[in-house]
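Trainee: Copied straight from TrEMBL:
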type	residues	note
TRANSMEM	7-27	transmembrane segment
DOMAIN	11-298	domain 'Sugar phosphate transporter'
TRANSMEM	39-62	transmembrane segment
TRANSMEM	74-95	transmembrane segment
TRANSMEM	101-121	transmembrane segment
TRANSMEM	128-145	transmembrane segment
TRANSMEM	151-168	transmembrane segment
TRANSMEM	189-206	transmembrane segment
TRANSMEM	226-247	transmembrane segment
TRANSMEM	254-275	transmembrane segment
TRANSMEM	281-298	transmembrane segment
Amino acid sequence: MSSSSTATTISVIIIWYATNILVLLGNKFLLSNTGFRQPVFLTLCHMTACMFLGIIISASGWIPVKPLKSRMQLVKVSILAVIFCSTIVLGNASLKYLHVSFTQAIGATTPFFTALLAYFFQGARENMTTYMALVPVVVGVIIASGGEPNFHVLGFTLAMLAVAGRALKSVVQSILMSDPTEKLDPMSLLTYMSTVCVALLLPLTLLLEPTAFNLAHDKFMENPNFAWWMIVNAMFAYLTNLFNFLVTKYTSALTLQVLGNAKGVVAAVVSVLVFANPVTLQGGLGYALTFMGVCVYSEAKRRFNLKREVHHEVGVSSPKVLQWSSASFAGCEQSKS
């Protein structure tokens, strides 16, 4: 790899980290520090930005959006969009009650839910070592919850539902998009899903947060910077997904997963430094155990997949396995959104 190529790759990774962490911190700031506690409206802003920026970038010819080939493909994308949208709203809503650092620890349990749902819906199986690696992930969150000074039952429930929704989207996507002719690249899928999300979130905002538009206007009149905060935050939501796509392009899916695991730790540390939220020794140990478990799980899964590939080469059948990436749609989904 040339020095210029290496520099480009490193730059893309740094920008991906920065945009992902900034959108997380921005969401927390807007929902907790400005008096604007409207997570559905905030998600609408994110999806609107993803829709328009996706269309603009596609029109420029840089990352063209692939056309949908059938009505059935549109239905499948719409189903994914509903799950995707619900997950983001739940994740944003949890930030009204929980610190970013704690939501990152909760979000690290995504592979646990993915493995559970993949087995339930697809019969996908891992080896025992891989499953055992998920134990510290769950135990770590339990320990961290007991040591979280600002633990909130509703916030915790919303965050867990967001994680389960993110896992469900991965499983459903692997089922609905199993036909190679219907597969879409991440940016095309994001553009289509965000368009469906806008159509869904607009009436939902009017129903669940009827004062959101007036409140946003009032906040802008009180502080003109509020509009810029909202616009920049929404742009970061799109840029996170764009650079997530570029990291995969310049590295590999495995590298993306490893970087995604590390990013959760970095985001948790940065949020503690920015918001100065207290972290107890028990909470810190819980965080460490959870993130360590995710790393062990990723390595166990990598080895299992390598062994599976060898079995395929020699003609030995092996169980169906769902590929999982901790960084998928990280900027919009509070997870990794």
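Just so you know, glycine gets a Cβ as well, placed from its N, Cα and C.
Unlike curated entries, TrEMBL annotations are predicted automatically.
Situate these features within the shown structure.
Mentor: Long-range contacts of the transmembrane segment (7-27) within the same chain: residues 1, 42, 92, 95, 100, 104, 229, 232-233, 236-237, 239-240, 243-244, 246-247, 250-251, 259, 263, 266-267, 270-271, 274-275, 330-331, 334, 336-337, each at least 6 residues beyond the stretch ends and with a Cβ under 8 Å from a Cβ of the stretch.
Mean predicted confidence for the domain 'Sugar phosphate transporter' (11-298): the pLDDT average there is 90.
Sequence-remote contacts of a segment are chain residues at least 6 beyond its ends whose Cβ falls under 8 Å from one of its Cβ atoms, and for the transmembrane segment (39-62) they are 27, 30-31, 85, 88-89, 92-93, 95-96, 187, 190-191, 194-195, 197-198, 201-202, 204-205, 208-209, 212-213, 216, 230-231, 233-235, 237-238, 241-242, 332, 337.
Residues 27-28, 31-32, 39-40, 42-43, 46-47, 68, 103, 155-156, 158-159, 161-162, 165-166, 168-169, 172-173, 176-177, 182, 184, 189, 192-197, 200-201, 329, 332-335, 337 of the same chain lie 6 or more positions beyond the ends of the transmembrane segment (74-95) yet place their CB under 8 Å from a CB of it.
Non-local neighbours of the transmembrane segment (101-121) in the same chain are 24, 91, 94-95, 130-131, 134, 137-138, 140-141, 144, 148, 150-151, 156, 159-160, 162-164, 166-168, 170-172, 174-175, 261, 264-265, 267-269, 271-272, 277, 279, 283, 286-287, 290-291, 293-294, 297-298, 301, 322, 324, 326, 334-336; each lies 6+ residues outside the stretch with a CB under 8 Å from one of its CB atoms.
Within the same chain, residues 83, 86-88, 90-91, 93-98, 102-103, 106-107, 109-114, 116-117, 145, 328, 333-336 sit at least 6 positions outside the transmembrane segment (151-168) and bring their C-beta atoms closer than 8 Å to a C-beta of that stretch.
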Trainee: Which residues of the chain, 6 or more past the ends of the transmembrane segment (226-247), have a CB below 8 A from one of its CBs?
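Mentor: Counting only partners 6 or more residues beyond its ends, the transmembrane segment (226-247) has Cβ contacts under 8 Å with 12-13, 15-16, 19-20, 22-23, 26-27, 29-30, 34, 36, 42, 45-46, 48-50, 53-54, 57, 63, 185-187, 190, 216, 219-220, 255-256, 259, 327-332, 337.
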Trainee: So which residues does the transmembrane segment (281-298) touch in its own chain, when a touch means Cβ under 8 Å and the partner is 6 or more beyond its ends?
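Mentor: For the transmembrane segment (281-298), the list is 101-102, 104-105, 108-109, 111, 130, 133-149, 257-258, 261, 264-265, 268, 326.
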